[in-house]
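Shown next, in structure tokens, is the structure this report addresses.
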Amino acid sequence: MKKITILGSTGSIGINALSIIQKNPDLFKVIALVANKNFSIMLRQCELFSPDWVAMRDEKSAHILRKKLKHSKINTQVLTGEKDICALAALEETDHVISAIVGMAGLLPTLSAIHAGKTILLANKESLITSGYFFMKALSSSGAKIIPIDSEHNAIFQVLPLEIQKNLGKTTLEKNSIKHLVLTGSGGPFYKFSSSDLSNVTPDQACSHPNWLMGKKISVDSATMMNKGLEYAEARWLFNALESEIKILIHPESIIHSMVQYYDGSLLAQLSAPDIRTSISYAMSWPDRICTEVDYLNFYKINNLTFFEPDFTQFPCLKLAIDAFSQGQASMTVLNAANEIAVSSFLDSKISFTKIYEINMEILMSSCFSEPKCIQDILEIDRKVRILAKNKVSSLIF
């Protein structure tokens, strides 16, 4: 039985992971759950899974949860704050840690789990793309393992040789007869929109993905295709891939989740219905597979599968992320921080959809940070850029 801690249990990934655990109680046991401030969902999760520990980032939410658990006579211990979250990520009794906290807030807890030698099931791509070198170095020195949850990287992982699966980031694609990886993306809800149409889209429209059910932040990132740019960076680190070894392909139907081109001409792809439970369950059960109750593909009902190259003019955030990766770790940290503020501001209806790119581009172009020498440097860059981005948003409002 695998013992699980979930960082971000009240979000989309966490809720889906728990649904898989609920259907496979003989395979998994929940040890600890971590969330920000949604005590209502956390209370229900405690009632269903009886974790030993819970941590809420928000102190007020932790206080309310303690009262409700006591009233329900549930013995789960409630902690609060970043230090306690990092402690739960490193619990000795935990085998696997699902890293699903949204954004930069997931960095330190994920690193804590890595330093403790856990198997990390990674959904929080921001922790990897902002601290890539330090992240991969910590993996190597601690003996921790990493399995991606993102559907694209999980799809690639599924069709890679076992040697790479066991040693992500430590070997090269060429040594394993791989010519390149193909990251697919749906193009989001706006891939047919004109530039003028994009100026007027609403947060609700941006969060209405045609194929996937996701959280708000990643839904907006999908709509701008920033998400695909971040996934490009994630793939560069995870698979130790060169720039020439990653291709990006728009695939609106979201049936083929990614592909691996081998030197012998074989192109291996992972296909499934667009349901994140497939990749979560594979990460949780690897190297085995378990039942998820995800619908099977019915090829008689699939009229066609379409593909085309991404248009960087229509999706400038994608190009921005690819270029930022080539510039170094500081640039990726800057872009990630600026984007988190810009997306949050759009969701709060403070800025228009097209301003997300403008803010990202202006902050990235105007920032000049030395390459980070440690995690603290990354956190400091992140802190300063968030201030710059918030000031930029304010200047657009007033």
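If you go along the chain as it appears here, the first residue is 1 and each next one adds 1.
Heads up, the Cβ atoms here are built off N, Cα and C, so glycines get one too.
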Say Swiss-Prot lists Thr10, Gly11, Ser12, Ile13, Lys37, Asn38, Asn124, Glu126 as binding NADPH: which of Gly215, Gly229, Gly265 is in the same site, per that record? Gly215
Which candidate from Glu59, Glu231, Glu243, Glu245 does Swiss-Prot annotate alongside Asp150, Glu152 at the Mn(2+) binding site? Glu231
Among His71, His96, His209, which residue does Swiss-Prot annotate as binding 1-deoxy-D-xylulose 5-phosphate together with Lys125, Ser151, Glu152, Ser186, Ser222, Asn227, Lys228, Glu231? His209
Select the closest residue to Lys125 (1-deoxy-D-xylulose 5-phosphate binding site) from the following binding-site residues, measuring between CA atoms: Ser12, Lys37, Asp150. Asp150
For Lys37 (NADPH binding site), what is the tally of other C-beta atoms lying within 10 angstroms of its C-beta? 16
Asp150 (Mn(2+) binding site) to Thr10 (NADPH binding site) - Cα separation in whole Å: 17
Just going by other Cβ atoms within 10 Å, which of the binding-site residues Thr10, Ser12 has the emptiest spot? Ser12
